Amino acid sequence: MASRSMRLLLLLSCLAKTGVLGDIIMRPSCAPGWFYHKSNCYGYFRKLRNWSDAELECQSYGNGAHLASILSLKEASTIAEYISGYQRSQPIWIGLHDPQKRQQWQWIDGAMYLYRSWSGKSMGGNKHCAEMSSNNNFLTWSSNECNKRQHFLCKYRP
């Protein structure tokens, strides 16, 4: 019995030193159907909503959820890989918008707008809401008319 307890203690000690235990114990859980990456939970919804309704639906999930801000290439790549497991052709609303309609883009969740991934046909006209474009496997963004109905991505920090 003492030997079994000692082995368990040794195993837990090894896991703690490698960081594996921290991932197992400290990792918060996301809502069912959402996925976890780097301290955030993401929900991909294949419902058709305009940008404003998509944002309202994200907020309805609580936990401070909004349409997703994408702040790095690593985050963009993880999201793109996840979405590609469901579909490869429909654009997806994200939380980037131009509320004053002056090409002054900002994230709806208040995150700093530093990382940019606009496609060549990114902005112009009456297009003041951003989408992840299915061209280039969801790694680039395009602007679109905010009243267009399409899939959307929500994000919150658990």
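Note that Cβ sites are derived from N, Cα and C of the backbone, with glycine treated the same way.
Quick look at what Swiss-Prot lists:
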type     : residues                                                             : note
BINDING  : Asp98, Pro99, Gln100, Lys101, Arg102, Gln103, Asn135, Asn136, Asn137 : carbohydrate binding site
DISULFID : Cys30-Cys41                                                          : disulfide bond
DISULFID : Cys58-Cys154                                                         : disulfide bond
DISULFID : Cys129-Cys146                                                        : disulfide bond
DOMAIN   : 37-155                                                               : domain 'C-type lectin'
CARBOHYD : Asn50                                                                : N-linked glycosylation site
SIGNAL   : 1-22                                                                 : signal peptide
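In the three-state DSSP assignment, the secondary structure recorded for Arg102 (carbohydrate binding site) is coil. When Cα-Cα distances from Cys146 (disulfide bond) are compared across the recorded positions Cys30, Cys41, Asn50, Asp98, Gln100, the shortest belongs to Asn50. If you measure from the Cα atom of Asp98 (carbohydrate binding site) to that of Cys129 (disulfide bond), you get 6 Å.
Taking CA atoms as the reference points, Cys30 (disulfide bond) and Asn50 (N-linked glycosylation site) are 25 Å apart.
In the three-state DSSP scheme, Cys129 (disulfide bond) falls into the strand class. Each residue contributes its Cα atom, and for Asn137 (carbohydrate binding site) and Asn50 (N-linked glycosylation site) those atoms are 22 Å apart. Cα spacing between Cys58 (disulfide bond) and Gln100 (carbohydrate binding site): 22 Å, rounded to the nearest whole number. Ranking the disulfide-bonded residues Cys30, Cys129, Cys146 by other CB atoms within 10 A of the CB puts Cys30 at the bottom. In this structure, the disulfide-bonded residues under consideration are Cys41, Cys58, Cys154, and the one with the smallest number of other Cβ atoms within 10 Å of its Cβ is Cys41.
Helix first, then strand, then coil: DSSP counts for the domain 'C-type lectin' (37-155) stand at 26 helix, 40 strand, 53 coil. Closest in space to Cys41 (disulfide bond), of the binding-site residues given as Gln100, Arg102, Asn135, is Asn135, taking the CA atom of each residue. Residues near Gln100 (carbohydrate binding site) in space but far in sequence (CB under 8 A, at least 6 apart, same chain): none are found.
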